[in-house]
Every structure is written in C-alpha cells, then in structure tokens.
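What follows is a short report on a single structure.
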Amino acid sequence: GICHKSYSCLANIMMGSTAPSCDAYLFFHGETLLPNDVRAFLCTAALAYCFIGLSAITARFFKSMESITNHSREVVTVDPQTNTPIVKQEKVWNYTIADIALLAFGTSFPQISLATIDAIRNLGQLTAGGLGPGTLVGSAAFDLFPIHAVCVIMPRGGSMKKISDLGVWLVELFWSFWAYVWLYIILEVWTPNVITLWEALITVLQYGLLLVHAYAQDKRWPYVSIPLVRGERPEDWVPAEDASFDHDKNCDETNDILPSQNDDIADIFSIHSYNDAGYHHVPEKDIEESSKMELVAKNTHDDTYWLSIWRQQFFEAVMLESPEQRKIDSVCLRFIIICWNSIIVPWKILFAFVPPYQVAHGWIAFICSLIFISGIAYGVTKITDQISCVTGVNPYVIAFTALAAGTSWPDLVASKIAAERQVTADSAIANITCSNSVNIYVGIGFPWLINTLYNYFVYREPLYIDNAAGLSFSLLVFFATSFGCIVVLVMRRILIGAELGGPRLWAWVTSAYFMVLWVVFVVLSSLKVSGVI
C-alpha cells in the first residue's frame, strides 16, 4: 500500500522492468558478443542510414504537399459592368495556413512521430520519455541557428531577400517564443516537475490559436491583427528565369540522394504564387459544357496516367544512373554516383510503393509518406536506445545533437529551397519559426496528452518529468541564444535592408555567428543533463 502511493517506488519498479538491456541484440544474434565499441559503430551507421532514408522519403512527401496546396477550385462570378461570367481559379489553401498546417507540420513530422512513439513506449510509466522532449528542444535550436546560417548565405551574387509581410512573421515569432515560455512555466512555475492533463491539453490547443491568429493577421482582421502593410510581391512568387536556373542546380545537387519523380525537385513553395492569369471571361453557356468535357477527359486520362507513373517509380528506383548522369565526363564522379545510388536502392524501392502524388490531389501520397516517416522514427528510437546503452551517453545528449539534426533534415531542405528560389525571405524564415511552434504545441503537447490521459485514468496520477531541471536549463539557454539570433536578423534588416543575402562577407560572418550560438546551446545543455554543471 505504501509503495502504491509512492511515486519514487512506482517509477523505479516500472523503469527497472522496462529499461533497455545491452544483453539484448538489435541486428543479429551474435551482436552481443561484439565489443561495445563495435556495437556503437554499427548502431551509429544504422542511425545514419535511417537519416538517409528520411531524406529520401522527404522528396515524395514534398511533392505530395505541393499537389495538395496547388489544388484549386473554379469560381464563377459576374462582372458588374458587362454582366459576363468570370471564371476564376482559386486555391483552396490560404498560403499562411498552408505554411503552418502543412509545411511546418510536415517538416516537423519526423520529430513529432519520434516523440509520439517515445510516449507510447512509456505508457504504464509515471515518468515521461526523454527522447521526445530532448529531440524537439534540440530541433528548435537546430532550426533557429544552423538553418538560419544556411539560409543567410543562399541568395546568389550578393542579392538580398527580406520578409515582405512583417505582420505575419511577428505573429509567428510571438507564438514561437511563447511556446517555450509556456513550456518553462508548466515545468518550473505552475506545477514543477509535473505535467497535468489540463496543461497538456492547453498546450495542444494553443496550436489552434496560432492558426487562427496567423489567419487573422493575413486577412488583417481589425482589433486582432498588427496594423502593418504587407510589402509588394511580384505576380510570380518564383520568377521564371530564377526558377529555371535554380531548378537545374538543385536537380544536380539532390537528384543523386532523393528519388525523383518527373526528374525535378519538389517546388513546395508554388503555393505562394500571386499570378492572376487564372482570370478569364467565358460565355455563360460554355461554362457547364466545358466543365463536363474536362471532367470526362480527366477521368479517362487519370485511369492510365497515374498507373504508368507508379510503374515508372519502380524502374527509377533500381536505376543506378540517370540518363543525365551517364553524360558526365568524369569517370570518378560517375563511380561515386553509382556507389551512392547502390547504397540507397533499398530505400528507393521501399518508397516506390508510395502512390504517385497525382492521385487524389496528393493526399494518399501525403498520408503514406507520413506512415513511412513514422516507421523510420520508430527505428531511430530503437537504435538510439541501443547507442545510449552500449556507450553510456545520456539519451538527452543524443537527442539534443544527433537526433535533432537528423530529424530536422526536412526543415533544412525546405528553408534552403525557399531561400534559393523565392524572391522574398517569408517562407524560408516562416518555416523555421512555425516549425518551432509546432514542435512544442504538437510535438511535445500531443505525446504528453497521451501519457497524462493514460496516467489519469489508470493511476490517477499526473505525468512526472524525470529531468525537468535539465530541460528547463536548456530552455533558458535557448531563450538567451535565440534573442541574440533575432537581434542580428533585425539589425541586418535595418543596416543592410534584408534578413538574407547581402554582401558575401557579412553573410558568412552572420552564418558563422549563428553556428557559434548553436554550439553554445548544445555544449551547455549537454553538460547540464550529464550532471557536469
């Protein structure tokens, strides 16, 4: 009876019964006979291979997300002056909501799925798992510092790219910082070292408030939006000449790693197109007839078109060289490409089972990609447990470093493409700030909600945070270093006129400064959770 009411006793019994054992093998039966150094090397190599797989599925994920956000509906209005019908193609998704609900959520899904799997594995324990929160806080630092460091040097030839809608960015920035302030409050102030059911629920619901507030700012709703005028944007969010240049460059750089569809890299930012070419006048009697003809043609075409594409995915998966790569003169470079493609063939074949993004506006491919990402995340958690066991390294340290960097690959890819291709810095920076918000409200809030619900109904107990002091210390370090990051971005806007690009020397100095901030965060956080400081 005494042990039943004692948190420490319950926690020790449960953790003792489920703690990972180094005597258990992960890859093959004879693994336990190997020295720990060899086992650590094998686990590290397997972890790296999982991250390669994550980068491979990211390509298909982005393509499906592009198809979803590009979905438009036909709207017919009447011109009040000429009384003639006007057909307008309107995109279903508002671009600000798409940034938060699809782009930021999608690029953060590896961290979210890893944290959720970690929470499910800890059901029945009174303490929260360490991998999820540690990875998400570490991912926030990786998003803010290294990804900003990459983006600031991406614009070509000293060109400058600035945020055109400061109002939306300020709203996103506010909710991003408030997420970590809120996390500190519930960990150290409100209910120290304990997460209650209501705290977890409020954390998740704040993601909805972020969506509403961002949409209100985008639409400039009175009383709830910042009265800032949106800057001018070109009709084409990605100018044709820049898009074609960067398209070729990106294909050369990434096609060897990411499985291709239609031999191009996903331009996930075409959701921001402001081209009004979709407006045209048509006779009223032709509207219904043309719509029927288009529907019949589309259904006939889709029956065979997507099947041929799906079959082509498997042919491309087993190809070690593309037709373009066979034209490369360098034998050494071609050999490297063949070796690399041979390594990733298993991933490419596996992901070829994802249906083409042309089906159902990309939703089926979107969901299947998330399922594969969740599977990889599960493998990552198992491998990380083994690495921590055979090396003795604190799981939080692994989460802050390797897991945070590896699972943040989609964030890096998304922001890098935006910084290269778009004429403004909105999506490149918005993806960073929104991803950080999603990491807390969904990535930490949802797993905690699962655990608190279980503990409340089974044990009538809250969720205890085993290393709340280390997590809170990391939040304080993150506050301090992120303030230094935002100040530099603001100073660049004032002095240079843009957040990204500009004189190459200052761009590289800024990039180096952001990397130093990340190193400071990682070192101090790792020393704290390891008990050194």
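Note that Cβ sites are derived from N, Cα and C of the backbone, with glycine treated the same way.
According to TrEMBL, the protein has these features:
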- 45-215: domain 'Sodium/calcium exchanger membrane region' (DOMAIN)
- 362-525: domain 'Sodium/calcium exchanger membrane region' (DOMAIN)
- 38-62: transmembrane segment (TRANSMEM)
- 166-185: transmembrane segment (TRANSMEM)
- 197-216: transmembrane segment (TRANSMEM)
- 331-354: transmembrane segment (TRANSMEM)
- 360-380: transmembrane segment (TRANSMEM)
- 387-406: transmembrane segment (TRANSMEM)
- 440-459: transmembrane segment (TRANSMEM)
- 471-494: transmembrane segment (TRANSMEM)
- 506-527: transmembrane segment (TRANSMEM)
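By the count of Cβ pairs under 8 Å, the stretch nearest in packing to the transmembrane segment (387-406) among 38-62, 440-459, 471-494 is 38-62.
Counted over residue pairs 6 or more apart, the CB atoms of the transmembrane segment (360-380) and the transmembrane segment (38-62) come under 8 Å in at least three pairs, which marks the two as touching. For the transmembrane segment (197-216), the partner stretch with the highest count of Cβ pairs under 8 angstroms, out of 38-62, 440-459, 471-494, 506-527, is 440-459. Against the transmembrane segment (471-494), stretch 166-185 shows more Cβ pairs under 8 Å than any other of 38-62, 166-185, 440-459.
Outside the transmembrane segment (506-527) by six or more residues, the chain places 137-138, 141-142, 145-146, 148-150, 152-153, 155, 394, 396-397, 400-401, 470, 473-474, 477-478, 481, 484-485, 488, 492, 496, 533 with a CB less than 8 A from a CB of the stretch.
If one looks beyond the transmembrane segment (166-185) by at least 6 residues along the same chain, the residues whose Cβ comes under 8 Å of a Cβ in the stretch are 96, 100, 140, 203, 206, 209-210, 213-214, 217-218, 220, 225-228, 230-231, 426, 429-430, 433-434, 436-437, 439-441, 444, 472, 475-476, 478-479, 482, 486.
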